[in-house]
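Feature annotations, courtesy of Swiss-Prot:
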type	residues	note
ACT_SITE	A:H93	active site, proton donor
ACT_SITE	A:C178	active site, proton donor
BINDING	A:G31, A:S32, A:V33, A:S56, A:S57, A:G58, A:S109, A:A110, A:N111, A:T112, A:A143	FMN binding site
BINDING	A:N145, A:R175, A:A177, A:M186	N-[(R)-4-phosphopantothenoyl]-L-cysteine binding site
SITE	A:C178	site 'Important for catalytic activity'
Amino acid sequence: MAGSEPVSAEGESMAVDAAPRKPRILLAASGSVAAVKFANLCHCFSEWADVRAVSSSGSLHFIDRASMPKDVILYTDEDEWSSWKKLGDSVLHIELRKWADIMVIAPLSANTLGKIAGGLCDNLLTCIVRAWDYSKPFFVAPAMNTLMWNNPFTERHFISIDELGISLIPPVTKRLACGDYGNGAMAEPSTIYSTVRLFYESKAQQGRAVVTLR
Amino acid sequence: MDCSDPASKKAKAEAGCAITRKPRILLGACGSVGAVKFGHVCRCFAEWAEVRAVVTKSSLCFIDEQTFPKDVVVFCDKHEWLTWKKLGDPVMHIELLRWAEIMVIAPLSANTLGKIAGGLCDNLLTCIVRAWDYSKPLFVAPSMNSIVWRNPFTERHCTEIDELGITLIPPVTHTTASGDFEHGAMAEPSTISSTVRVFYVLKMQKK
């Protein structure tokens, strides 16, 4: 089929050039105050990876678009159907899912956590999650105020997403402990970046080892 | 740090006078036909409590703001981030949650019931519920069409919220606005108010 040729070609090139190509990281922000750090997070990853960004409508209140890296495209809900006119046209959340090697949601809000745990997909971000290929790594860095964190749903939802195969980058507990509900919970952008990079490079080494053994 | 600011100190001082002070009750309304009675619910509670109200976007279709008592402040989604400009600024759902001693959602719609049962928090009302401290009482008075009430999800969701610690004030057999004569109509405002008041008085007596 005509529609599958470009994807196959791209797949082939990926296989041949896997080692030297920059990893493709899809970064996403949901509606938490900690989203004020999203631009900083994108900068951290841009130094090392090819980055695209997705934001939920709730997170846009906190993201300063002017401070986003210039080479990072930021997709929002209104982009979802802009490329679709008729059957056969590309759907954005499917294209982004195919493009990405790794996905990171930081911050992950309590609301989006609940949606993911329940399989809901009512916006661009949650549609990508719902379609995600779990042979590829997926990280979340939650951010919510202490009172929401203590609610029983949080633990229940984390169990659900852990079963899906999502890795948790835990919040900074010392800020939670003092009751700071403004921004405190999310791990530092540098921590999120180094966690993902270490994971990626260790996986890349495993891949090369397998190739060598053959 | 926020936990040592003047507002917190004032709150602690006021807590010491809990017995002589009117209870603080946060009333919530969802998008159900029963919301036409929300003004009446507020009046019933305002007779014996200090009241603030939270309404969802859908509930505004049914609520007549002119029926509200003048001393009741009404919050809706647009207020959520009005007070927030930078890190450290207050977040509305947290401020309301800290203020309230009791929360009552009347009417509770099927949609919001499902959201609460699933831990979703996509508006001011559901954010407050998601962060609620269950050492404080939370009541809900459902209101939905009888066909919706009988759907299997309703029982499942009611079981979920019961496990959370939410107390249900059951709907009544009534003729609903859509003409059905079965369970589903919200309990009467006076019933809701007296149920919560009895609970509050009993709780105070234990202290």
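Each residue's number is its place along the chain shown, starting with 1.
Note that Cβ sites are derived from N, Cα and C of the backbone, with glycine treated the same way.
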By the criterion CB under 8 A from chain B, which of the binding-site residues A:V33, A:N111, A:A143 would you report?
A:V33, A:N111
Can you tell me how many other Cβ atoms are located within 10 Å of the Cβ belonging to A:S57 (FMN binding site)?
15
Assigned element (helix, strand, coil) containing A:H93 (active site, proton donor), judged by DSSP:
helix
Could you measure between A:H93 (active site, proton donor) and A:N111 (FMN binding site) for me? Cα positions, answer in whole angstrom.
20
To the nearest Å, how far is the Cα of A:M186 (N-[(R)-4-phosphopantothenoyl]-L-cysteine binding site) from the Cα of A:S57 (FMN binding site)?
19
Local Cβ density at A:H93 (active site, proton donor) - other Cβ atoms counted within 10 Å:
23
Would you mind pulling the DSSP three-state label for A:N111 (FMN binding site)?
helix
In chain order, residues whose C-beta lies under 8 angstroms from the C-beta of A:G31 (FMN binding site), counting only those at least six residues away in the same chain, are A:S56, A:S57, A:G58, A:S59, A:H61, A:F62, A:S109, A:N111, A:T112
Rounding to whole Å, the Cα atoms of A:V33 (FMN binding site) and A:N145 (N-[(R)-4-phosphopantothenoyl]-L-cysteine binding site) are apart by 9
